[in-house]
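These notes are about the structure you will find just below.
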Ligand code: HGY
Ligand code: MN
Ligand code: MN
Ligand code: MN
């Protein structure tokens with residue numbers, strides 16, 4: 001890190017972001033797309049861009065961009081991540097990549113680097129999908145992986161549609177949709193992210209390069225039975241969807257173990273949701289991921305089969321809807337090798353290459369442009385929780401690695 005200390009630029013940005021959207025009781029972040037906390041984060045991004053004299057713009061899908069050099073020149077190098085969070089998420093998932101992007105630019109300016117390609121810093125909208133149920137909405141729209149019609153049907157828990165939510169937050173939703181012209185101007189996208197696992201902790205490395213993202217998806221299970229009195233309805237007379245749901249949760253664990261995959265029911269809604277009423281509806285959302293498509297098919301197929309059997313056994317109707325799916329992503333081999341070459345020239349920095357079960361905007365964009373990812377060590381591996389962490393030194397090592405990568409790709 002150079003003397004002007006990009007460490008201090010990193011710290012001051014980090015301190016500014018830290019209070020935004022943090023719940024006073026849980027200490028977790030609730031930065032949901034197009035809400036007040038998200039708007040504050042977006043204002044912070046705009047200010048960072050303007051403070052640095054970068055050309056600021058919001059694209060048709062609400063993603064924020066900060067350009068150094070001519071945005072229309074083509075072959076741009078882009079870095080960044082997202083600022084939204086899961087319910088009660090940690091401070092690092094997303095923001096580390098955005099703050100590191102600005103800090104890396106500060107580092108390159110301190111090095112007096114001369115840019116040969118345009119550089120853009122980006123904050124993708126609604127990466128986590130916490131509000132509308134679909135992850136990576138901003139990058140999916142841009143890449144044409146989410147149609148305008150599908151986007152119009154996205155609705156939050158209060159019945160607010162995505163376009164209305166955008167509008168309420170001051171973004172005109174009329175122009176949303178695929179943006180191939182923008183993607184055509186990008187030569188490479190590199191996303192830095194906190195690791196969401198312990199591979200780097202176990203290998204003793206501060207920074208790693210991503211190899212692949214597991215195929216993953218979300219499925220909604222609607223178990224419909226019959227609401228009735230909890231005190232007066234004999235057990236044999238019940239059609240209780242909670243029972244089939246509970247058995248399905250246990251089946252998911254079993255099937256995931258069998259397939260060497262992961263399966264999680266992390267969200268549930270119950271109707272009528274009364275302590276003294278047998279439910280009429282239990283709606284549970286399954287998130288499942290595996291290293292390859294075959295294992296994912298096996299685990300989800302096994303869970304569906306078990307769920308139908310349990311539903312039948314309790315006289316309950318079952319509908320299963322696949323709400324989203326992202327196929328396996330192999331990051332661009334040439335770009336990955338280039339990153340390894342750039343970072344390998346630093347004598348101390350070994351760069352392990354690792355796969356991940358977490359989804360990212362980089363994964364979505366990899367279908368359209370060369371993308372790569374850098375991971376920063378997470379000492380506990382905990383993520384999507386207020387306990388998510390990364391050591392200060394490791395974050396600064398990440399900034400330097402990103403600066404080296406950007407210098408190698410974009411500078412003379
Ligand atoms: O992996 C996920 O759940 C999300 O894309 N961050
Ligand atoms: Mn996440
Ligand atoms: Mn993330
Ligand atoms: Mn009564």
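Every residue, even glycine, has its Cβ placed from backbone N, Cα and C.
Small disclaimer: the values here were computed from a predicted structure and weren't measured.
Look at TrEMBL and you will find 82, 93, 193 tagged as Zn(2+) 1 binding site. Counting only same-chain residues at least 6 apart in sequence, those with a Cβ under 8 Å from the Cβ of residue 193 (Zn(2+) 1 binding site) are 81, 93, 94, 96, 97, 358, 360, 373, 374, 375, 376.
Summarising the annotation, TrEMBL assigns Zn(2+) 2 binding site to 93, 128, 384.
Packing around residue 289 (allantoate binding site) is summarised by its Cβ count: 22 other Cβ atoms lie within 10 angstroms of its Cβ, all protein chains included. What TrEMBL records for 218, 276, 289 is allantoate binding site.
Shown in sequence order, 86, 89, 90, 93, 196 are the residues of the chain, 6+ apart in sequence, with a C-beta less than 8 angstroms from the C-beta of residue 384 (Zn(2+) 2 binding site). Ligand 3 lies under 6 Å from the Cβ of none of the binding-site residues 128, 218, 276, 289, 384.
Just so you know, of the binding-site residues 82, 218, the Cβ with the fewest other Cβ atoms around it within 10 Å is the one at 218. Put simply, 82 is the one of the binding-site residues 82, 218, 276, 289 whose Cα lies nearest to the Cα of residue 128 (Zn(2+) 2 binding site). Summary for the binding-site residues 93, 128: the Cβ-based neighbour count within 10 Å is maximal at 93.
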